Amino acid sequence: MEGGAAAATPTALPYYVAFSQLLGLTLVAMTGAWLGLYRGGIAWESDLQFNAHPLCMVIGLIFLQGNALLVYRVFRNEAKRTTKVLHGLLHIFALVIALVGLVAVFDYHRKKGYADLYSLHSWCGILVFVLYFVQWLVGFSFFLFPGASFSLRSRYRPQHIFFGATIFLLSVGTALLGLKEALLFNLGGKYSAFEPEGVLANVLGLLLACFGGAVLYILTRADWKRPSQAEEQALSMDFKTLTEGDSPGSQ
């Protein structure tokens, strides 16, 4: 850490973070198991191309996005710029993987002659992806691009935090809609007969909800927020003084 002694990590935080990672990794593994055991696996140049869509979305917009949000809780005492870069990189990886998932489903529909963007899941999915891209672009402009002033960053930060959590929540909800849509399409009336695929997918849905809940709980614990470093506190005091009409060095 730069500029002072490291702040103590809250006792329970590492356990909640570890639990969230266990849920997330199990979620990704179970998604792969569902697609491998019941949907034939994944291949780009065949009827299995569609299966790349759910796997990419779970990895990108759920697991990686959730972990990007947790960066400031996990790396509490590292240099702020290092943490920012990691936060931004995880979001880039999530965006790229999600884009692959979008290309997969649109390309599959084109080859099969299926209609696009008619379901609630598809509408929500496009909304989430666009919001996520805009959130990343604006966040990069404000927090990583050197031209943004400290005062501008301070004003935008609450909106960035709110929309980050909201987009993640929308991503989880959209994934649940897509899972239900896939089950109804593939199983039809057999879904109500407790088919093994349906049971596995229901457990997958519960894991989605639990991972989302675990991430949001960690994010909303005020006492688990990253402590301000010395240089951040100095900048904050300077900004406060400037907004009150005095110069930082007037006293």
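Glycine is treated like the rest: Cβ placed from N, Cα and C.
The N-acetylmethionine annotation in Swiss-Prot covers Met1.
Summarising the annotation, Swiss-Prot assigns topological domain 'Cytoplasmic' to 1-16 (among others) and lists similarity to another entry as the type of evidence.
Per Swiss-Prot, transmembrane segment is recorded for 17-37 (among others). Among residues of the same chain six or more beyond the transmembrane segment (17-37), those with a C-beta under 8 A of the stretch's C-beta atoms are 51, 54-55, 58-59, 62-63, 66-67, 70, 73-74, 197, 200-201, 203-204, 207-208, 210-211, 214-215, 218.
Taken from Swiss-Prot, the feature domain 'Cytochrome b561' covers 19-220, and the record attributes it to sequence analysis.
Break the topological domain 'Vesicular' (38-51) down by DSSP state and the numbers are 6 helix, 0 strand, 8 coil. The topological domain 'Vesicular' annotation in Swiss-Prot covers 38-51 (among others) and is backed by similarity to another entry.
Taken from Swiss-Prot, the feature transmembrane segment covers 52-72 (among others), and the record attributes it to sequence analysis. For the transmembrane segment (52-72), the residues of the chain that approach it from at least six positions outside its boundaries are 17, 20-21, 24-25, 27-28, 31-32, 35, 42, 44, 83, 86-87, 90-91, 93-98, 100-102, 104-105, 108, 125, 128-129, 132, 164-165, 167-168, 171-172, 174-175, 178-179, 182, 208, 211-212, 215, 218-219, 225-226, judged by C-beta separation under 8 angstroms.
If you look up Swiss-Prot, you'll see His53, Asp116, Leu117, Tyr118, Ser119, His121, Glu181 marked as heme b 1 binding site. Around His53 (heme b 1 binding site), the C-beta neighbours below 8 angstroms that are at least 6 residues distant in the chain are Gly101, Leu102, Ala104, Val105, Tyr108. Annotation note: His53 (heme b 1 binding site) sits in a helical segment as assigned by DSSP.
Helix first, then strand, then coil: DSSP counts for the topological domain 'Cytoplasmic' (73-85) stand at 8 helix, 0 strand, 5 coil. The feature topological domain 'Cytoplasmic' is assigned by Swiss-Prot to 73-85 (among others), with similarity to another entry given as support.
What Swiss-Prot records for Arg73, Lys80, His87, His160, Lys225 is heme b 2 binding site. Following the DSSP three-state reduction, the secondary structure of His160 (heme b 2 binding site) is helix. When Cβ atoms from all protein chains are considered, those within 10 Å of His160 (heme b 2 binding site) total 15, not counting its own.
Non-local contacts of Arg153 (L-ascorbate binding site) by the CB criterion (under 8 A, 6+ apart in sequence, same chain) comprise Phe142, Phe143. According to Swiss-Prot, the L-ascorbate binding site annotation covers Lys80, Lys84, Arg153, on the basis of similarity to another entry.
Look at Swiss-Prot and you will find 86-106 (among others) tagged as transmembrane segment. Residues 44, 49-50, 52-57, 59-61, 64-65, 67-68, 71-72, 75, 116, 125, 129, 132-133, 136, 139-140, 143-144 of the same chain sit 6 or more residues outside the transmembrane segment (86-106) yet have a Cβ under 8 Å from a Cβ within it.
Annotation comment: Swiss-Prot describes 107-124 (among others) as topological domain 'Vesicular', evidence class similarity to another entry. For the topological domain 'Vesicular' (107-124), the residues of the chain that approach it from at least six positions outside its boundaries are 49-50, 53, 170, 173-174, 177-178, 181, judged by C-beta separation under 8 angstroms.
Among the features that Swiss-Prot reports, transmembrane segment is placed at 125-145 (among others), with the record citing sequence analysis.
Under the heading topological domain 'Cytoplasmic', Swiss-Prot lists 146-158 (among others), citing similarity to another entry as support.
Long-range contacts of the transmembrane segment (159-179) within the same chain: residues 54, 57-58, 61-62, 65-66, 69, 120-121, 124-125, 127-128, 131-132, 135, 138-139, 142-143, 201, 204-205, 208-209, 211-212, 215-216, 219-220, each at least 6 residues beyond the stretch ends and with a Cβ under 8 Å from a Cβ of the stretch. As annotated by Swiss-Prot, transmembrane segment applies to 159-179 (among others), with the evidence given as sequence analysis.
Counting only same-chain residues 6+ beyond the ends of the topological domain 'Vesicular' (180-198), those with a CB under 8 A from a CB of the stretch are 34, 37-39, 54, 119, 121, 205. The topological domain 'Vesicular' annotation in Swiss-Prot covers 180-198 (among others) and is backed by similarity to another entry.
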Q. Which chain neighbours of the heme b 1 site, leaving out His53, Asp116, Leu117, Tyr118, Ser119, His121, Glu181, have a Cβ atom within 8 Å of the mean position of the site's Cβ atoms?
A. Val105, Ser122, Trp123, Gly125, Gly178
Q) So which other residues, same chain and not among Lys80, Lys84, Arg153, have a Cβ within 8 Å of the centroid of the Cβ atoms at the L-ascorbate site? A) Arg81, Thr83, Phe143, Leu144
Q: Could you tell me how many residues in the topological domain 'Vesicular' (107-124) are helical, how many are strand and how many are coil under DSSP?
A: 11 helix, 0 strand, 7 coil
